[in-house]
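S.K.: Found this in TrEMBL, in case it helps:
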BINDING   K14, P15, T16, G22, N23, G157, R158, D159, V200, K207, M208, S209, K210, S211  ATP binding site
BINDING   D145  L-tryptophan binding site
MOTIF     15-23  motif ''HIGH' region'
MOTIF     207-211  motif ''KMSKS' region'
Amino acid sequence: MPEPATKVSLTGIKPTGEPHLGNLIGAIRPALTLAEEYDSIYFIADYHALTTERDPAAFRHYTRSVAATWVTAGLDPNRTVFYRQSDVPEIFELTWAMSCVTGKGLMNRAHAYKAARDRNIDAGEDPDFGINMGLFNYPVLMAVDILIMEADVVPVGRDQAQHVEYAADIAGSFNHLYGDSYRFKIPEAVIPEEDSAHTVPGIDGRKMSKSYDNTIPLFLPENKLKKLVRRIPTDSTPVEEPKDPNSSTVFQILEHFATPDVIADTRKRLEAGGVGWGELKNQLFEVLNAEIAPLRERYNELMEPGSDLDTYLAEGAEKARERAGKVLRSVRKAVGIS
Ligand code: ADP
Ligand code: TRP
């Protein structure tokens with residue numbers, strides 16, 4: 001019996017801002033863990049970001065920053081197929097073919113589009129005010145990202161679950177029509193729990209997110225990191241009073257980065273009283289900085305024009321195009337273009 005082929009894990013990150021601690025804990029590290037067990041395909045979803053990004057210089061910077069973050073966090077380009085979505089034109093060709101088997105009604109029901117429409121309706125605007133076709137077609141492009149690489153599992157946040165279901169639906173429509181000639185693999189989402197063990201709070205205590213402007217970007221210079229940590233609000237409990245670690249944002253962030261011993265010890269010291277919030281913030285800064293400092297240098301190196309990153313991305317694009325090209329050729333044949 002031949003060994004079953006290793007399954008493929010695929011995910012993309014949209015370059016819409018500086019990668020932050022939440023992205024590392026919630027997306028990048030879990031995906032890198034999957035890469036130990038699965039064949040892995042990880043990319044920068046730059047065309048998806050173009051649905052909202054209007055500043056070319058910022059867009060260029062975020063794309064490079066997300067790519068550099070993957071590598072700095074441990075992605076091994078020899079082991080993982082790693083590329084920029086826009087370097088793989090096969091994705092766009094397949095997007096058209098798949099749009100032609102996708103019901104418009106399905107797109108009308110997509111969460112992001114529906115939410116934008118509902119906001120317009122509530123504001124008394126035309127329902128489609130300010131909505132571009134990129135936003136409307138977003139789920140088809142994402143389906144193709146997944147299907148063209150024949151992915152089995154797609155690690156994503158809960159907000160992306162519907163998109164992976166759509167990818168499975170769209171693959172099903174194609175298979176129904178052309179399945180005698182070519183069948184897409186049906187992908188499945190892998191979604192982390194949204195509990196406190198998997199969600200990093202931002203500096204205002206809500207979930208850390210670029211949309212809340214409350215993030216701690218990963219590779220800030222040391223002094224800026226210190227300043228941000230200082231800004232995390234705390235209550236006015238005096239130094240000597242006992243404190244509740246569970247209601248402290250500083251402690252909750254610490255929990256994601258300190259060792260279990262340090263977390264247990266800090267919890268005890270807070271509950272006993274005698275530790276001020278300022279001291280806890282210093283501790284958080286030290287823990288974060290110890291983790292990030294060695295990575296910061298590598299990140300800054302990779303961000304330089306002409307660094308290894310360009311080689312990794314060029315080689316990755318070649319591998320990705322080879323893989324995508326095979327699927328695209330089968331599809332062209334199946335639908336009757338070639
Ligand atoms: P943002 O909310 O900052 O725009 P994205 O939506 O781009 O972040 O998220 C990219 C990935 O990072 C997703 O898989 C998401 O689940 C994960 N992620 C984002 N913020 C957090 C967080 N605070 N804690 C854990 N995971 C997060
Ligand atoms: N839409 C995803 C997000 O906003 C990013 C993404 C694009 C993606 N293509 C993908 C994720 C394919 C997984 C698979 O986070």
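Placement of Cβ uses the backbone N, Cα and C atoms for every residue, glycine included.
Predicted, not measured: the structure shown is a model, and the values here were computed from it.
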S.K.: Filter the binding-site residues D145, R158, M208 down to those with CB closer than 6 A to an atom of ligand 1; keep them in sequence order.
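M.R.: Cβ < 6 Å from ligand 1, in sequence order: M208.
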S.K.: For the ATP site made of K14, P15, T16, G22, N23, G157, R158, D159, V200, K207, M208, S209, K210, S211, how many Å separate the two farthest Cα atoms?
M.R.: 19
S.K.: Between N23 (ATP binding site) and D145 (L-tryptophan binding site), what C-alpha distance do you get in Å?
M.R.: 20
S.K.: Could you give me three numbers for the motif ''KMSKS' region' (207-211), the DSSP helix, strand and coil residue counts?
M.R.: 2 helix, 1 strand, 2 coil
S.K.: Could you give me three numbers for the motif ''HIGH' region' (15-23), the DSSP helix, strand and coil residue counts?
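M.R.: For the motif ''HIGH' region' (15-23), the helix, strand and coil counts are 3 helix, 1 strand, 5 coil.
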S.K.: List, by number or range, the same-chain residues at least 6 past the motif ''KMSKS' region' (207-211) whose CB is under 8 A from its CB atoms?
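M.R.: Same-chain contacts beyond the flanks: 16-17, 20-22, 199-201.
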S.K.: Here the binding-site residues are D145, R158, M208, K210; which one has the lowest number of other Cβ atoms no more than 10 Å from its Cβ?
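M.R.: The binding-site residues D145, R158, M208, K210 were compared, and R158 has the fewest Cβ atoms within 10 Å.
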S.K.: Enumerate same-chain residues with a sequence separation of six or more from V200 (ATP binding site) and a Cβ-Cβ distance below 8 A; give 'none' if the list is empty.
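M.R.: Spatial neighbours, sequence-distant, of V200 (ATP binding site): L21, G22, I25, G26, K207, M208, Q252, I253, H256.
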S.K.: According to DSSP, which kind of secondary structure is V200 (ATP binding site) found in, if we only use helix, strand and coil?
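M.R.: In three-state terms, V200 (ATP binding site) counts as coil.
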S.K.: Under 6 Å from ligand 2 by Cβ, which binding-site residues from K14, T16, D145, R158, V200, M208?
M.R.: K14, D145
S.K.: Give me the long-range Cβ neighbours of T16 (ATP binding site): same chain, 6+ apart, Cβ under 8 Å, in sequence order.
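M.R.: Set apart from T16 (ATP binding site) by at least 6 residues yet with Cβ under 8 Å, we have A49, T52, E53, Y62, K210.
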S.K.: Fewest other Cβ atoms within 10 Å: which of the binding-site residues K14, N23 wins that one? Let me know.
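M.R.: Lowest Cβ count within 10 Å among the binding-site residues (K14, N23) is K14.
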S.K.: Express the predicted model's confidence over the motif ''KMSKS' region' (207-211) as a mean pLDDT, rounded to an integer.
M.R.: 95
S.K.: Name the secondary structure element type, per DSSP in three states, that contains D145 (L-tryptophan binding site).
M.R.: helix
S.K.: Looking only at C-alpha atoms, tell me how far K14 (ATP binding site) is from D145 (L-tryptophan binding site), rounded to the nearest Å.
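M.R.: Between the Cα atoms of K14 (ATP binding site) and D145 (L-tryptophan binding site), the distance comes to 12 Å.
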